[in-house]
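If you check TrEMBL, you get these features:
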BINDING   A24, G25, A26, G27, S28, G29, K30, T31, R277  ATP binding site
DOMAIN    3-279  domain 'UvrD-like helicase ATP-binding'
DOMAIN    280-555  domain 'UvrD-like helicase C-terminal'
Amino acid sequence: MSALLNAPQREAIYYLDGPCLVLAGAGSGKTRVITHKIAHLINGCGISANNIGAITFTNKAAKEMQERVAHLMGGRAPGGLTVCTFHALGVRIIRQEALHCGLKKQFSILDASDTVQIVSDVASEGDKGIAKQMQWQISSWKNAMIPPEEAVKLADNELSFAAAKVFGEYERTLRAYQAVDFDDLISLPVHLFETNDEVRERWQNRLRYLLVDEYQDTNRAQYRLLRQLCGVRGAFTAVGDDDQAIYAWRGADVENLRLLQKDYPKLRVIKLEQNYRSSRRILEAANTVISHNEKLFEKTLWSEHGPGEQIAVTNCRDAEHEAEWVAMKITAHKFEARTRFKDYAILYRGNHQARIIEQQLRNQRIPYVMSGGQSFFDRAEIRDLLSYLRLLLNPDDDLAFIRSLTTPRRGIGPSTIEALGRYSASRHVGLFAAMFEEGASVHLTPKQLEGLREFGDFINRIQYRAQREPAGQVLEDLLLAIRYEAWLFEHCGTREAESKWSNVRDFVGWLTRKGEEDGKNLLELTQTIALISMLDKEDPDFDGVQLATLHASKGLEFPHVFLIGVEEGMLPHQSSIDEDKVDEERRLMYVGITRAQRSLNITYCERRKMGKESRVCEPSRFIAEMGGDIKMNDRKAAAPVTKEEGKARLANLMAMLESRDKNGAG
Ligand code: ATP
Ligand code: MG
């Protein structure tokens with residue numbers, strides 16, 4: 001326990017007399033304080049793991065924290081310890097207190113595309129773009145805990161008026177579906193705790209000590225949840241860094257840092273100043289960039305590490321050339337430095353940048369893992385399958401009902417669904433329940449009813465099995481019964497069908513494994529899927545280059561980092577330049593730079609395709625702001641003259657690498 005902790009870290013770990021805030025820059029060991037404090041609470045203070053809750057920002061971080069704690073405690077994770085995201089904690093609370101929240105235990109969790117669909121339905125808004133903006137507005141109100149009645153008064157432009165008008169109906173629709181959206185996962189527990197003393201006290205007794213990582217990115221609703229859970233005792237430790245606040249666009253509020261000091265006057269604030277992650281040049285560049293932002297809190301960050309390699313900035317012709325260059329550089333570097341692929345990370349501002357990189361890595365047979373990317377669960381084929389799972393879990397989920405009823409087509413047409421919809425609305429029940437009611441026969445022909453009920457019986461049969469049999473087996477049978485593979489090949493081109501089917505196989509394989517590992521049945525697995533925004537490669541031994549957006553890279557560290565697309569308009573993003581919000585982009589840049597331990601490569605493109613046209617780009621202002629100690633590469637020297645030559649060089653390198661690895665020299 002005493003190993004590798006500095007004095008302020010130890011102070012933060014052993015301080016238990018009141019609330020504690022660790023405020024410090026990147027790589028200073030904040031997360032390390034949390035894991036060691038958990039171990040100390042259990043081993044040193046005899047607090048039961050059951051009574052400790054640690055809140056992380058992503059599922060991946062939660063998993064890593066579990067592992068780190070297990071490692072500290074001699075290899076075994078303490079049973080009963082809660083380590084999860086705010087949202088996952090919300091799910092637990094709602095599931096346990098479902099009745100108090102007006103829900104049944106098998107409620108559905110809807111993701112962004114479902115909620116946009118509902119807004120577009122209740123507002124009769126055909127334009128998905130507008131529906132999306134309205135949903136965004138509703139979500140912001142919910143994050144700020146503003147109810148529909150108040151939203152009406154706050155609305156001040158056309159869009160927010162429209163959103164305020166449908167807000168109430170949107171909420172009622174969710175409840176009718178026995179469904180919640182992401183924001184409800186926080187706001188329902190807050191509301192429950194604020195209105196029900198008995199329930200609140202029960203949870204306060206359950207989670208006696210709380211630890212929160214990445215505190216700077218909590219929003220108002222999350223802060224209120226924290227306050228309710230901690231009560232007046234204030235038994236918590238929060239760690240954060242105002243310079244890494246990058247979720248303002250999602251309602252996070254750095255003011256929460258100040259609020260903590262105001263609401264808990266006895267708050268002990270501890271600062272960490274030594275960075276253990278990065279070599280000195282990297283740290284200095286990060287410090288220099290962030291010094292261009294207005295300071296909120298006084299902090300310093302220094303390192304005992306040597307200067308390390310110079311940061312290199314390389315100009316590339318366009319995004320394709322950039323991808324090619326990065327792939328080649330990684331291959332060459334790996335060859336020379338005898339590293340593993342997983343020592344490299346490629347980080348970018350927007351998800352859309354990943355596609356070209358992925359293509360290039362695949363072409364060059366470089367293994368990779370992508371995290372936090374465009375959600376795997378957003379793909380049509382996965383959503384198809386998910387709609388069945390959601391319906392199994394919750395027959396009131398009308399969105400899932402319609403999608404599964406019609407995908408693959410089973411000869412039930414829109415007029416049947418409309419008639420069923422009218423009847424179900426008149427009876428105030430869900431579509432699934434409505435088709436089994438006697439009265440349905442007045443509105444639907446016997447033939448229509450027969451088709452519907454056949455589907456209903458099928459779902460009921462699978463549902464029965466889903467509660468009793470292993471998840472994998474039920475899934476396989478479900479896919480066979482709906483002839484999904486055959487349907488894909490009938491409706492898509494061969495290549496597309498193959499790729500979709502392979503995604504489905506990945507999904508089934510993953511669920512099967514998860515079911516076995518966690519001892520959960522298909523219904524239990526389904527309820528938490530919406531919370532997992534990525535399909536992590538679960539195998540920690542998998543050796544692949546890591547691809548992530550800057551937002552998703554928070555809290556992580558990699559020996560060698562490639563930060564790509566560092567241009568005006570990309571990073572900082574054009575919309576932030578337009579809205580004069582470059583500070584948040586600068587914090588993103590700071591997050592990106594500080595992920596690197598040993599080397600940092602930055603690239604920018606001289607031209608970039610925007611829609612149909614190709615535009616000339618300027619290097620990002622952040623490059624100039626990093627200070628002078630960087631190496632500017634010129635692509636004419638650094639990159640191949642022609643595409644073919646480049647490909648040939650890469651192929652050569654790969655062949656050399658493979659033969660070396662095969663001969664066991666690697
Ligand atoms: P971020 O702001 O990026 O989340 P952080 O402040 O949470 O960073 P950690 O991830 O906890 O920082 O630590 C950064 C690295 O430094 C890790 O590899 C960690 O193991 C190491 N480290 C932290 N404290 C010490 C220490 N006292 N001695 C040696 N290594 C340390
Ligand atoms: Mg951290």
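The first residue you see is number 1, and the count goes up from there.
Cβ from N, Cα, C; glycine included.
Set side by side, the binding-site residues K30, R277 differ in how many other CB atoms lie within 10 angstroms of their CB, and the most is found at K30. Ligand 2 lies within reach of K30 from the binding-site residues A24, A26, S28, K30, R277, judged by a C-beta closer than 6 angstroms to any of its atoms. Annotation: A24 carries the greatest number of neighbouring Cβ atoms among the binding-site residues A24, A26 [cut-off 10 Å, Cβ to Cβ]. Among the record's ATP binders, A24, G25, A26, G27, S28, G29, K30, T31, R277, no two C-alpha atoms are more than 13 Å apart, and one pair sits at exactly that spread. Over the domain 'UvrD-like helicase C-terminal' (280-555), the average per-residue pLDDT in this prediction is 88. S28 (ATP binding site) counts 28 other C-beta atoms within 10 Å of its own C-beta, drawing on all protein chains shown. Within 8 A of the CB centroid of the ATP site residues A24, G25, A26, G27, S28, G29, K30, T31, R277, the other residues of that chain are D241, L272, N275, Y276, L301.
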